[in-house]
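Notes to accompany the following structure.
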Amino acid sequence: MGHFTFTGLCLLAMFLSLRGAECYTCPIDWLPKNGLCYKVFSKHKTWFDAEKYCRKFKPGCHLASLHSNADAVEFSEYISDYLTGRGHVWIGLRDTKKKYIWEWTDRSRTDFLPWRKNQPDHFNNNEFCVEIVNFTGYLQWNDDNCAALRPFLCQCKY
């Protein structure tokens, strides 16, 4: 009976909402968007440790992937609200082959790359992980050394 009640309420909410309701449940302090849940973490970690931290939540969790300017704007507002002045933020994009071939940790398509001017540059042949840059209002990206310590943005399928 409870399953039918939840399903019925979800359908009712979808019909009553102007945008439609997303019928999944994110943990209370996570941001729901496009069937996924997102959370920014202020603890500074290397890119690899941040990816490992995201994966510990459950299968299907990774550093976040962004696929449109609308996503970038929404996440810039979300990150700015939680990390005022706390530095750049790791996302799940990396050049694993070190040949300017950028890949997301969730294996989604690489279809949106809002790089800062003159980026990516693999500076000193040592920058292969991607961060959202704070002084661009968290709207543009830079490649950086994967060992740098940064806050990070996780995404999970719940």
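Here the Cβ of each residue, glycine as well, is placed from N, Cα and C on the backbone.
If you look up Swiss-Prot, you'll see 1-23 marked as signal peptide, on the strength of sequence analysis.
Residues or ranges marked as disulfide bond by Swiss-Prot: C26-C37 (among others). Taking the Cβ of C37 (disulfide bond) as centre and 10 Å as the limit, one finds 21 other Cβ atoms among all the protein chains shown. C37 (disulfide bond) falls within a strand when secondary structure is assigned with DSSP.
What Swiss-Prot records for 33-155 is domain 'C-type lectin', and it gives sequence analysis as the kind of evidence.
The disulfide bond annotation in Swiss-Prot covers C54-C154 (among others) and is backed by sequence analysis. There are 25 other Cβ atoms within 10 Å of the Cβ belonging to C54 (disulfide bond).
Marked as disulfide bond by Swiss-Prot: C61-C156 (among others). Under the three-state DSSP scheme, C61 (disulfide bond) falls in the coil class.
Marked as Ca(2+) binding site by Swiss-Prot on the basis of similarity to another entry: Q119, D121, E127, N142, D143. Counting only residues at least six positions away in the same chain, the Cβ atoms of H88, W115, R116, Q119, P120, V130, E131, V133 sit under 8 Å from the Cβ of N142 (Ca(2+) binding site).
Around the Cβ of C146 (disulfide bond), 20 further Cβ atoms fall within 10 Å across all displayed protein chains. The disulfide bond annotation in Swiss-Prot covers C129-C146 (among others), and the record cites sequence analysis as its basis.
As annotated by Swiss-Prot, N-linked glycosylation site applies to N134. In the three-state DSSP scheme, N134 (N-linked glycosylation site) is classed as helix.
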I'd like to know which of the disulfide-bonded residues C26, C61, C129 has the most other Cβ atoms within 10 Å of its Cβ.
C129
What is the separation, in Å, between the Cα atoms of C156 (disulfide bond) and D121 (Ca(2+) binding site)?
30
Taking the mean position of the Cβ atoms of Q119, D121, E127, N142, D143 as the Ca(2+) site, which residues outside that list, in the same chain, have a Cβ no more than 8 Å away, listed in sequence order?
W115, R116, P120, H122, F123, V130, W141, D144
